[in-house]
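Swiss-Prot annotations:
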| type | residues | note |
| --- | --- | --- |
| TOPO_DOM | 1-26 | topological domain 'Mitochondrial intermembrane' |
| TRANSMEM | 27-48 | transmembrane segment |
| TOPO_DOM | 49-62 | topological domain 'Mitochondrial matrix' |
| TRANSMEM | 63-82 | transmembrane segment |
| TOPO_DOM | 83-228 | topological domain 'Mitochondrial intermembrane' |
| BINDING | H161, C196, C200, M207 | Cu cation A1 binding site |
| BINDING | C196, E198, C200, H204 | Cu cation A2 binding site |
| BINDING | E198 | Mg(2+) binding site |
Amino acid sequence: MSQWFQLGLQNGNSPLMEQLIFFHDHALLVVILITSLVGFFLAALFSNKFLHRYLLDGQAIETVWTVIPAIILVAIALPSIRLLYLIDEIHNPALTIKVTGHQWYWSYEYSDLNDIQFDSYMIPSNELSTGMYRLLDVDNRSQCPMIKAIRLMITSDAVLHSWAVPSLGIKMDADPGRLNQSSLLVNMPGVFYGQCSEICGSGHSFMPIVIEAVGESDFLKWLELQIS
């Protein structure tokens, strides 16, 4: 989860988020280099006393400032396209979780496993225990096994929502009457927090998301408790 005065991205806890962080750093480096180069040329332009009033054209320099930006754009576009395909790629998922946005809470359905369903509401501030996070903790956490490919089916029964967990690299719109699909694979055990990322009404700020990634044996025990 994010920390106070944090300026960077959250630590990546899924292969997808790790790739997104790498691409962010790659693109940011290119932007910094371009900004520095343009700033240098602007400073040089305003500080020198030479005039070029009689320079009508320059084929060489025009070729350079056309070809080099094209190469830079391709260097940014290729990893971006690769990431877009990785986000959509879901191959033989071990589990499918259906997420439905309501006004204003989330419900989860494990239809592969005896049709387990439950609602997840934010815990009010006056009911929080020590160690809980205000506006982030819920009464029912969604559990999933770590290091397993999971398919998420996300929709809404009312207004537009967006199911987002930044540290897992997931942000998917929940649209009424439509199923959107995303993939999830968690690297390590832990509790990961997110929130609705689409302004959806008066309860928008009170729709937290909590994903708890556990080992396979612990996940099976949790399933037994849900079934019983």
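Even glycines carry a Cβ here, placed using N, Cα and C.
Mapped onto this structure are the features recorded in Swiss-Prot.
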residue: H161; record: Cu cation A1 binding site; DSSP (3 states): strand
residue: C196; record: Cu cation A1 binding site; DSSP (3 states): strand
residue: H204; record: Cu cation A2 binding site; DSSP (3 states): helix
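For the topological domain 'Mitochondrial matrix' (49-62), the model gives a mean pLDDT of 74.
When Cβ neighbours within 10 Å are tallied across all protein chains shown, the highest count among the binding-site residues C196, C200, M207 belongs to M207. Long-range neighbours of the topological domain 'Mitochondrial intermembrane' (1-26) within the same chain, counting only residues 6 or more positions beyond its ends whose Cβ lies under 8 Å from a Cβ of the stretch, are 76, 79-80, 83, 86-87, 133, 136, 166-170, 183-188, 190, 192-193, 213.
The Cu cation A1 site is defined by H161, C196, C200, M207, and by the 8 Å test on Cβ atoms against their centroid, the other residues of the chain that qualify are G101, W104, V159, L160, S162, A174, Q195, S197, E198, G201, G203, H204.
With every protein chain in view, the residue among the binding-site residues H161, H204 whose Cβ has the most Cβ partners within 10 Å turns out to be H161. Of all Cβ atoms in the protein chains displayed, 18 besides its own lie within 10 Å of the Cβ of E198 (Cu cation A2 binding site).
Residues of the topological domain 'Mitochondrial intermembrane' (83-228) grouped by DSSP class, helix first, strand second and coil last, total 27 helix, 60 strand, 59 coil. For the Cu cation A2 site, the Cβ centre of C196, E198, C200, H204 serves as reference, and the other residues of the chain with Cβ at most 8 Å from it are G101, W104, V159, L160, H161, S162, S197, I199, G201, M207. For the topological domain 'Mitochondrial intermembrane' (1-26), residue counts in helix, strand and coil come to 12 helix, 0 strand, 14 coil, using DSSP. In this structure, the C-alpha atom of H161 (Cu cation A1 binding site) lies 9 angstrom from that of H204 (Cu cation A2 binding site).
Between the CA atoms of E198 (Cu cation A2 binding site) and M207 (Cu cation A1 binding site) there is a gap of 10 Å.
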